[in-house]
Number of protein chains: 2
Amino acid sequence: MTKDQFLLPEDVTYLDGNSLGPLPKTVADRVMRTLQDEWGQMVIGGWNRAGWMAQPGILGDRLGRLIGAPKHTVVLGDTLSVKVYQALASALDMRPDRRIVLSDNGNFPTDLYMADGLIKTLDRGHELKVVEPETVADAIDETVAVLMLTHVDYRTGRMHDMVELTAKAHAAGAVVIWDLAHSAGAVPVDLTACQAEFAIGCTYKYLNGGPGAPAFIYVRPDLADHINPALAGWLGHDAPFAFEQNYRPAQGITRMRVGTPPVIQMAALEASMDIWDQVNMSDIRAQSIALSELFIQLVEASCPQLTLASPRDPEKRGSQVSFRFDHGYAAMQALIAAGVTGDFRAPDIMRFGFAPLYNDKADVKRAVAILADILENRIWDQPKFMVKAAVT
Amino acid sequence: MTKDQFLLPEDVTYLDGNSLGPLPKTVADRVMRTLQDEWGQMVIGGWNRAGWMAQPGILGDRLGRLIGAPKHTVVLGDTLSVKVYQALASALDMRPDRRIVLSDNGNFPTDLYMADGLIKTLDRGHELKVVEPETVADAIDETVAVLMLTHVDYRTGRMHDMVELTAKAHAAGAVVIWDLAHSAGAVPVDLTACQAEFAIGCTYKYLNGGPGAPAFIYVRPDLADHINPALAGWLGHDAPFAFEQNYRPAQGITRMRVGTPPVIQMAALEASMDIWDQVNMSDIRAQSIALSELFIQLVEASCPQLTLASPRDPEKRGSQVSFRFDHGYAAMQALIAAGVTGDFRAPDIMRFGFAPLYNDKADVKRAVAILADILENRIWDQPKFMVKAAVT
């Protein structure tokens, strides 16, 4: 039972760990130590004495275990958007004669935006080709330079087959980038088996690293010494403290580091990784499927107004379930007001994330009971639930 | 007297705020509030209810006052390296017919590395021309697309004349980027008077935002709506939560935001900005000059082994003083061991930063007395002081 390890808001059933995971109880002490004992007492000495400088690699190794990445192939830093740019720039550099970046409209928008920004910056006639998720496999051909996909769709939870699509892309000579934002800590991932060249993700969703926690990037170990970093920052330099005038990339994954790492955010993430170090992803997956199956069953039995937007087959679904409802925005606001936190994604998707570290069957039953009441009694149909906040 | 507002290590005279500022005493409580009351109690709701999403702009406005930037022209996020890339990519895009990026060898290496990475990525024949700081003015001509300089040299504290060089660059048709890493909170800066197109900087040095605190970027207000962001992240989108497939930049400085902001780091920075809100940069500058003048006078009187590396004229110096010494590395290690923290930069520079918020004349006198003793008695000439740590 790990629910005790989290501080959850009282009287709230929290089903939004796919957006922001809750606070592990040990985070406060761990962050205090970094503030008071490290920053306060060591000041600049903290970079060595408290190990701040090594932390992006150490945390990368710990996280790597959850996604099937060998040691020294994952590093933390920046935001997911920046990591997309790094991965895609290096990937395109590996296929200079091709011009297509293939993605799908289930990719998180920032991945597409960053690709668009890079393509405009390159100004060499690249094209971002965005297809329906179901047609990705058919769209792979020998014009594709890079296949860039989010493994688990942020809207519906639909999950791509990483191994199959990667193999197909490789057969066509394309480089592959997987965004694991909704996968790391949610579903088992085996990057070694998959053989994709790059993977990226964030740590503030299922990994509970806290708001603004750093992103991660994986580079396949045989490639790491050969890629050209577009974001050639000093902490990716082979000798950052020699202050040489010319850039020489560090060996291995370290070259994907850019600037000064976010020490305080990393302290919070470290406390969360203490929990994850004890976790077996197969167990998490089994519990996640049990919760999402129960949720679908109960919603379909008691909320006829809603239509399942997620794949019915649990093998094709991540650790979230989404339903469509025309009044989904208002219904979600009413649900949140009643003590069940999910979220809404335009135009009509009500999203519910399941995180076995702190969600159990009682949560599922309570959430559905309250949801059914809101729908049956049209509690959502009040002006106060219609007003859109800046962030949903 | 603001020294009370900082937690400084006992028995240490801290003269390294030019590298990492010390801990403001209010940071711990402020960060705890973000962890326990915001993340813990609001979880995802913190983005709106705790104002996390607006914080990069709010902090930007507060910081802007210290560098002569109007409201809504500065935004926080990412690292300085990433901000260099953003500024330079947009700047080069503004001068498509020119190919020279002019900088000097007093620029911090990561600025040069990031420029190099961008130039390689663009692959359109740009050239990074790095001259001696003294010859920058003469090197400005009509081939220069972008003049990109660090205002205060990280090694020597030598300070460029921002207004004069910007005017000269503009007369030649070049775009100007100033790196204010060693200026913000150290010396008065007036970006409005200077008229440079871009400025960037970090907040963990004189601004005491903590290890890994976010960087900032300024864009001249008349330009902000017209520049093309190379790093086209979702939080720079005009409607990030509409999850549109195509990128449309937000109005104004917001388009320079990229990914999810580092909420915990921003909480620490906010506590530090509470101190800075009360500060007049002219007062800071007067006290800084008094401290650095005293330091030079005392070192030259009692440490004949050292040679001044900084400009003697305080008007041409930032808020640090550097001396050259062949055994500077070992001498700095001995000094740190004796309770005076400065730092060392290859090949032979001993650096001392002066931050009037927490440094006073007694600090200067103590530091020089201990330094003189170390030099006179060759205390530095011990094997334990020769071993180089990974980070100095």
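The backbone N, Cα and C atoms fix where each Cβ goes, glycine too.
Annotations in TrEMBL come from automatic prediction, not curation.
Site annotation (TrEMBL, ligand pyridoxal 5'-phosphate) includes A:Leu80, A:Ser81, A:Phe108, A:Pro109, A:Thr110, A:Asp111, A:Asp179, A:His182, A:Tyr204, A:Trp234, A:Thr260; from A:Thr135, A:Thr143, A:Thr150, the additional listed residue is A:Thr150.
Proximity to chain B (Cβ-Cβ under 8 A) holds for A:Leu80, A:Thr110, A:Trp234 out of the recorded positions A:Leu80, A:Thr110, A:His182, A:Lys205, A:Trp234. Among the residues A:Leu80, A:Ser81, A:Phe108, A:Pro109, A:Thr110, A:Asp111, A:Thr150, A:Asp179, A:His182, A:Tyr204, A:Trp234, A:Thr260 said to bind pyridoxal 5'-phosphate, no two Cα atoms are farther apart than 30 Å. When the Cα atoms are compared, A:Thr150 (pyridoxal 5'-phosphate binding site) and A:Lys205 (N6-(pyridoxal phosphate)lysine) turn out to be 14 Å apart. In sequence order, A:Gly17, A:Asn18, A:Ser19, A:Leu20, A:Gly21, A:Ala181, A:His182, A:Ala184, A:Gly185, A:Ala186, A:Gly353 are the residues near A:Lys205 (N6-(pyridoxal phosphate)lysine), counting only same-chain partners six or more apart with C-beta under 8 A. Long-range Cβ proximity for A:Leu80 (pyridoxal 5'-phosphate binding site), meaning a same-chain Cβ under 8 A and a gap of 6 or more residues, is found for A:Thr110, A:Asp179, A:Ala181, A:Ile200, A:Gly201, A:Cys202, A:Ala215. If you draw a 10 Å sphere around the CB of A:Phe108 (pyridoxal 5'-phosphate binding site), it holds 21 other CB atoms from the protein chains shown. DSSP assigns A:Leu80 (pyridoxal 5'-phosphate binding site) to a helix in the three-state reduction.
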